[in-house]
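If you check Swiss-Prot, you get these features:
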- 39-74: domain 'EF-hand 1' (DOMAIN)
- Asp52, Asp54, Ser56, Phe58, Glu60, Glu63: Ca(2+) 1 binding site (BINDING)
- 78-110: domain 'EF-hand 2' (DOMAIN)
- Asp91, Asp93, Asp95, Lys97, Glu102: Ca(2+) 2 binding site (BINDING)
Amino acid sequence: MHMTDVLPAGDISKAVEAFAAPDSFNHKKFFEMCGLKSKGPDVMKQVFGILDQDRSGFIEEDELCLMLKGFTPNARSLSVKETTALLAAGDKDGDGKIGMDEFVTLVSES
């Protein structure tokens, strides 16, 4: 499954382009711009499944770094600062990774 199977390609492109500059990523604005925030939990879970590249049931720090690439392959990687901030925002139980429920909460609260 590809991200464009669940979200409009145009919205994804606009969102990724808006945060092309290093250290410009804002997860709240990104989730809104790509259209994910307005979707229900089922779509959010599909997106989680795409971002969880190793199928561990969690999005770990190395996968968070590649999050924009999960939306479109030619996107940049997140910086260490951006990755750390995203993990801090989403990791509600402090285990160093983001589970599916945490991801849905992260997107919904954005």
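Glycine is treated like the rest: Cβ placed from N, Cα and C.
The CA atom of Lys97 (Ca(2+) 2 binding site) is located 11 Å away from the CA atom of Asp52 (Ca(2+) 1 binding site).
Note: the domain 'EF-hand 2' (78-110) comprises 20 helix, 2 strand, 11 coil (DSSP; helix = H, G, I, strand = E, B). A strand conformation is recorded for Phe58 (Ca(2+) 1 binding site) in the three-state DSSP classification. Compute the center of the Cβ atoms of Asp52, Asp54, Ser56, Phe58, Glu60, Glu63, which mark the site for Ca(2+) 1; besides them, the chain residues with Cβ within 8 Å of that center are Gln53, Arg55, Gly57, Ile59, Lys97. Those residues of the chain, other than Asp91, Asp93, Asp95, Lys97, Glu102, with a C-beta within 8 angstroms of the mean position of the Ca(2+) 2 site C-beta atoms are Phe58, Gly90, Lys92, Gly94, Gly96, Ile98, Gly99.
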